[in-house]
Amino acid sequence: MDLLQSSYAPEDASSPELSAAASSPDSSPLRLPSKSAAPAVDDTALALSAAASGSRPLDPSLHLVAFNPTADQLWAPILGPHHPHAPISSASGNRNHKLGHVEDAAVLPFLFDEQYNTFHRFGYASDPSGLHIVGDAQTQAPEPDTVYNLAPSEHKRRRLLAKADNQEEPLPPEAKNPASEEWILHNKQSPWAGRREGPPAELTDEQKQYAEAHAAKKAEKEARAEGKGERTEVVVKSTFHGKEERDYQGRSWITPPKDAKATNDHCYIPKRCVHEWVGHTKGVSAIRFFPKYGHLLLSASMDCKIKIWDVLESRTCMRTYMGHSKAVRDISFSNDGTKFLSAGYDRNIQYWDTETGQVISTFSTGKVPYVVKLNPDDDKQHILLAGMSDKKIVQWDMKSGQITQEYDQHLGAVNTITFVDNNRRFVTSSDDKSLRVWEFGIPVVIKYISEPHMHSMPSIALHPNSNWLAAQSLDNQILIYSTKERFQLNKKKRFAGHIVAGYACQVNFSPDGRFVMSGDGEGSCWFWDWKSCRRFKTLKCHNGVCIGCEWHPLETSKVATCGWDGVIKYW
């Protein structure tokens with residue numbers, strides 16, 4: 001070992017420290033120096049690329065790169081510096097468009113048009129930054145004028161100055177006459193712009209007649225426009241068609257018979273037509289039986305008339321009420337039947353006396369009333385509610401004639417008003433395809449029903465037990481809603497089969513609640529069983545649309561229908 005150590009001893013072992021360490025038995029033996037067996041690598045290309053990385057990028061035309069380039073070299077632009085906001089390390093580099101990098105810029109169309117027109121009009125404009133003026137240096141100012149903030153007089157002055165600068169020679173005196181050829185030439189107008197009109201030729205007889213007729217028509221139109229604000233007065237009158245207004249005992253013709261009562265609590269489907277009332281010259285829009293007794297039938301028509309018919313005995317027209325200038329939309333009896341309301345397209349609501357035919361009062365807001373209803377409580381028969389075409393439900397006090405409340409939440413014309421919950425609440429439907437529930441007297445919606453699948457519901461009827469509402473939906477079905485707190489849809493009950501799309505056909509119940517009936521657009525009257533929801537019977541009633549149907553309140557198998565053919569039928 002001493003021999004080996006001496007042979008591998010370092011050359012400078014003559015120093016006392018090293019000799020002592022080498023001779024010490026505790027010191028570790030010296031290791032041999034390591035040598036690499038790999039061949040030498042030519043790093044000339046790497047050195048050249050490192051030297052050129054700060055000055056030039058890769059050549060995009062190269063198909064072979066002899067070294068590993070860095071990310072900066074891969075995404076370096078061919079010309080110019082890097083975009084300051086573009087991520088260099090992204091896969092798309094600094095290109096967000098196939099032609100390069102496109103920056104987003106927002107310029108209002110008005111500001112662009114203003115500067116564009118200013119530049120083409122005055123020769124200068126503001127650049128997009130708003131800090132510099134581009135164009136004629138002589139017109140630059142801290143806040144230069146634009147074409148939009150100059151007065152018309154200044155525009156005219158500048159135009160005249162520009163014209164004076166362009167004219168080297170003074171204008172001849174003929175050029176000041178707009179009817180001369182020189183004026184046309186100097187003003188660069190069309191050849192026919194300033195030509196004089198020749199003397200008017202005489203009109204032929206046919207042309208004179210046409211001119212006179214046109215003048216008369218224009219004068220009539222102006223007169224009609226002047227009187228447009230004034231409502232045309234309609235003479236309110238009523239005609240009694242019966243034999244006598246009072247019988248030998250002094251009873252009025254509207255007095256119900258004393259022995260009138262329901263013969264049976266069980267209702268049956270009618271089978272045949274027993275009578276037809278023909279008297280209206282146009283379609284009938286609504287019919288209503290006399291409350292509780294049904295010995296009279298009130299009908300409203302598109303011929304602007306309201307008629308009342310005897311149902312029990314003579315079955316003739318008893319009285320005609322004429323007070324509307326346009327078609328009558330809806331009618332509604334008071335609780336005792338001595339008075340009724342009518343709503344017409346002449347924007348008037350009239351309160352009639354059934355017996356005498358006199359108009360007690362007239363109400364109007366200037367909008368078309370679509371539905372009218374009195375509060376069903378006996379102590380609130382002076383309160384009138386009307387659904388209007390301007391999306392409001394208006395409440396009148398008929399004693400004072402003043403509007404006491406407006407329920408304004410709907411988004412379309414109001415079609416129906418139905419009182420529920422012992423007349424403390426009422427439900428309205430509208431063209432906005434929704435149902436809204438209101439507390440009477442409080443213009444705040446307490447329940448709003450609207451679903452994407454819902455359609456408009458132009459007719460709603462209350463079940464005799466007051467627990468359900470039947471709503472005629474314009475998707476050819478009748479939907480049932482509960483009148484409890486939640487007012488939710490009863491998905492188990494649905495009556496379909498009839499065609500009512502586009503028509504406000506009335507829906508109704510039999511007095512015992514066993515049957516649901518409705519008219520349809522093809523002139524038929526449909527009957528369904530309430531429990532099973534199955535179609536019970538269909539009667540072909542009218543030639544046109546069967547718009548209304550009413551079940552007699554006492555006669556358990558009698559039904560009245562009306563249609564757009566102007567006929568009222570009793571089944």
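Note that Cβ sites are derived from N, Cα and C of the backbone, with glycine treated the same way.
What TrEMBL says about a protein is an automatic prediction, not a curated fact.
As the structure is a computational prediction, the values presented were derived from the model and not from experiment.
If you check TrEMBL, you get these features:
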{"type": "COMPBIAS", "residues": "9-34", "note": "compositional bias 'Low complexity'"}
{"type": "COMPBIAS", "residues": "194-232", "note": "compositional bias 'Basic and acidic residues'"}
{"type": "REGION", "residues": "1-36", "note": "region 'Disordered'"}
{"type": "REGION", "residues": "190-232", "note": "region 'Disordered'"}
{"type": "REPEAT", "residues": "277-319", "note": "repeat 'WD'"}
{"type": "REPEAT", "residues": "321-362", "note": "repeat 'WD'"}
{"type": "REPEAT", "residues": "407-439", "note": "repeat 'WD'"}
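Panel annotation: around the repeat 'WD' (321-362), residues 232, 234-240, 245, 252-254, 256, 282, 285-286, 288, 290-293, 296, 298-308, 368-374, 376, 378, 381, 384, 386, 398, 401 of the same chain, lying at least six beyond its termini, place a Cβ under 8 Å from a Cβ of the stretch. Packing against the repeat 'WD' (277-319) from elsewhere in the chain are residues 238-242, 253-254, 256-257, 260, 325-337, 340, 342, 344, 352, 354, 357, 506, 544-545, 547-548, 550, 552-555, 560-570: each is 6 or more residues past its ends and has a CB under 8 Å from a CB in it. The average per-residue pLDDT of the prediction over the repeat 'WD' (407-439) is 87, rounded to a whole number.
Counting residue by residue with DSSP, the repeat 'WD' (407-439) contains 0 helix, 19 strand, 14 coil. Counted with DSSP, the repeat 'WD' (321-362) comes out as 0 helix, 23 strand, 19 coil.
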